[in-house]
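Notes for the one structure printed next.
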Amino acid sequence: MDRIRIVGGAQLNGTIPISGAKNAALPLMIAGLLTDETLILDNVPRLADVAQLQRILGNHGVDIMAAGKRPGDHEYQGQTLHISAKNIIDTTAPYELVSKMRASFWVIAPLLARMHEAKVSLPGGCAIGTRPVDLLIMALEKLGATLTIDGGYVIASAPGGLKGAAIEFPKVTVSGTHVALMAATLARGTTVIGNAACEPEIVDVADCLNKMGGKISGAGTPRITIEGVAKLHGARHTVLPDRIETGTYAMAVAMTGGDVQLSGARPELLQSALDVLTQAGATITVNNDGIRVTRNGAGLNPVTVTTAPFPGFPTDLQAQLMALMACAKGASHITETIFENRFMHVQELARFGARIQLDGETATIDGVAKLRGAPVMATDLRASVSLVIAGLAAEGETMVNRIYHLDRGFERLEEKLSACGATIERISG
């Protein structure tokens, strides 16, 4: 099993190109099931989760062709996928495929909308709390589908097609919003999604669906209106840059010190996180090529942060911020409100010498002068990269094990960091 070896202490200086957003690329690929024409997606990141979803879609009969780089593309330019779901041969998504990635459960929406039936295994993926699919099922039932759970599968049918409806989520749900959005696009009549998630990735998917002939308004607000259409056509769409990758590398620079240009980043996608970094002592400069992050020799300031749905501080940057605050001058407080059981990285950060106390959903981090390298084990995607950030600043050698979590969400992380001066390498075997 691959590991990552880091020798800490080097500042980061240079340019890091930001990849396409995983959290947009996955639902965009799934949206390809909604049409029998070809959907072309540019700037798709090369990630394990993307490859896994290609296998899942292939199981349904979807033909996916990955095109090479075009003239003028950057070395790290994401891949272009041509997705053709002209002939859907199977409406069942089996356990052995879905169990490896939770987002793959979302195929239930386009299969139900277009084929009027679906049988999808209950999902897998990162072990963060329970993440129930109840809200997704509720949304599809509102649209007129009949759903039952049998033998670990959700069996859905809508023989007469889906019908527009009012869907009011009791709490903000990104997954539920994606599923409702895709399903309602081909439903008869008007659908209104209340308390919808406002994340940029939702907006990106809605933009793509509109290019395909959908009639969606209000994406990015808590109220989305969808006028159902009979058919969607092919389109070409570029995946937006990854705000979580942007924030992760910005925090790495704040941790080590240095000067790094995050090429292609869009600051409006993560303003709350950039504000926190500024408060912590980093300097953020917006320019035509993205975001420049610098930190001189001054120490890090402690911060108090509560995770929240967009535009609040992202839960997917919580672990990285905790690693950063492990070296702040004073006590920081981080409260997690989105997912339960999302502090599994605490015990691993403690192996570096971090001082962290948990009280319910709040972590108190008492900064230390220096972290020490250690062998550590990744527990989930975002926790794994927090260990990399800690290792970049720690004295001595750090070995991060179980890095398959990293490969699910970060494209060529060790290469991007190494190009900026970090001593980091992947060890195979």
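Using N, Cα and C of the backbone, Cβ positions are placed for all residues, glycine too.
What Swiss-Prot annotates here:
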ACT_SITE  CYS126  active site, proton donor
BINDING   LYS22, ASN23  phosphoenolpyruvate binding site
BINDING   ARG102, ARG131, PRO132, VAL133, ASP134, LEU135, ASP316, ILE338  UDP-N-acetyl-alpha-D-glucosamine binding site
MOD_RES   CYS126  2-(S-cysteinyl)pyruvic acid O-phosphothioketal
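Features as recorded by Swiss-Prot, highlighted on the structure.
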residue : record                                        : DSSP class
LYS22   : phosphoenolpyruvate binding site              : helix
ARG102  : UDP-N-acetyl-alpha-D-glucosamine binding site : helix
VAL133  : UDP-N-acetyl-alpha-D-glucosamine binding site : coil
ASP316  : UDP-N-acetyl-alpha-D-glucosamine binding site : helix
ILE338  : UDP-N-acetyl-alpha-D-glucosamine binding site : coil
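Between the CA atoms of LEU135 (UDP-N-acetyl-alpha-D-glucosamine binding site) and ASN23 (phosphoenolpyruvate binding site) there is a gap of 19 Å, rounded to the nearest whole number.
By a simple count of nearby Cβ atoms, those within 10 Å, the most crowded of the binding-site residues LEU135, ILE338 is ILE338. Each of the binding-site residues LYS22, ASN23, VAL133, ASP134, ASP316 was scored by how many other Cβ atoms lie within 10 Å of its Cβ, and the smallest score goes to ASP134. Around the Cβ of ARG102 (UDP-N-acetyl-alpha-D-glucosamine binding site), the number of neighbouring Cβ atoms within 10 Å comes to 19.
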